[in-house]
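Below is one structure, written out as structure tokens, with a few remarks after it.
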Amino acid sequence: MDHLKKQISALQVVQTEAECDFIMVFCPVIRVHATDIKYALEKLNKISDTKPAVLVVLYHTFDPECVVPDSRRAVYRENTVTVDCLFHEDQGLLKCQKNHESCRRIINYIQHQMCRKNSIDERMETDQCLVPAAKATLKYFLLLSGETVNTHEIFMRRLKMKNELQKVDTVDKCDFIVAFCPVASRAGTDIEAAVGKLNQQSADKPAILIVLHHTFDPECVVPDSNRAVKRGNTFTVDCLFHEDHGLLHCQKNNESFNRIINYIKHQLEEIQRGSMEVQQAGPSQCSDKQENMLNGADPDKNQLETMRMELENQKSELAEKTKELKMKESLQNTRECHLNDRETQVNVRETQVNTRETQVNAREMQVNARETQVNARETQVNAREMQVNARETQVNARETQVNAREMQGNARETQW
């Protein structure tokens, strides 16, 4: 807050919600970031569920390059700017690119709110000198290019809660066309068919084209349909829906819805500004000016404003996609590191197995060598036994010879 007050001297802290223009909410992440953010939003809604708010989500870390999830995806409260910051209890807010970008976003938001408030105050002062004008109402013609499963009705009910809108039955009576294009086959083909139907109704009438992508994943990344739309004076957004759930509760749908609200508010402000100019002008000029403004005159200014809003939205989407790509690259690098670690572990295990096999083979060779030695000793023993048997045979032969000689001697003695 000290840093913000240095940048914006007119910033002042008040004691009650009724006195404030917006609410500053700080949410340190202690457990799971989604749980802590949900708890912070519940406390915020208890104070006010409509007051503009800045939600600062604080992630505890000592690494200034730490990659944290985008907290905006967990915030479904409207009129809420959400930023992420890195802090440490010893150093406070870290000096890093993430914190610098978050502070810059908050400062831009506050300055925008101040300019808006000053503009409203000036307009109120001017209105005191004028006759109160009737509340401006925009008339729209509804066009469906496919089966939306009643998603368009839910969407239009939400829009009517935020703006003064009136549905008409013909294109000639409307201020702009609201076209819903559910993607059934390929996005490019279906969008081209929807634009063709749109041009059949009117080739130059301002239009809001809502491209409905069928999915059950609220984090699904879809292509930017604005690139496929070549029709001028057409405001294009993407939304996610499912036949069972209708419009999904996700960041993409919230952003698209807010973009449409801002576009419609801009159109209403143009009409109201034209009405004020008509009241200030003379009676002879009133009818022409009012008719031109209500019929969507000054197309160059409207187109420039629409292009500016689209460029800003594209910049924010590009920044988000860049962050998503960085997070995906970080996750991919982490997975590659895990895979390399696993490969290293597998190689170590294979080396251990090979070493054990080598040891087993060496032991088998030792056993075989011992068996060979045993067999050699057995062969030597058998050879010695054979030698002993041969000697015994010789001894027996000699004994036989001796006995024969003795018998011959006895025979001779008998003869004598």
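In case you wondered, yes, glycine gets a Cβ from its N, Cα and C as well.
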From 146-176, 239-269, 301-331, the residue range that TrEMBL assigns the feature coiled coil:
301-331
Under TrEMBL, which of the candidate ranges 97-128, 353-384, 385-416 is annotated region 'Disordered'?
385-416
Beyond the flanks of the region 'Disordered' (385-416) by 6 or more, those residues with Cβ under 8 Å of it:
none
Run through the region 'Disordered' (385-416) and tell me, per DSSP, how many residues are helix, strand and coil.
31 helix, 0 strand, 1 coil
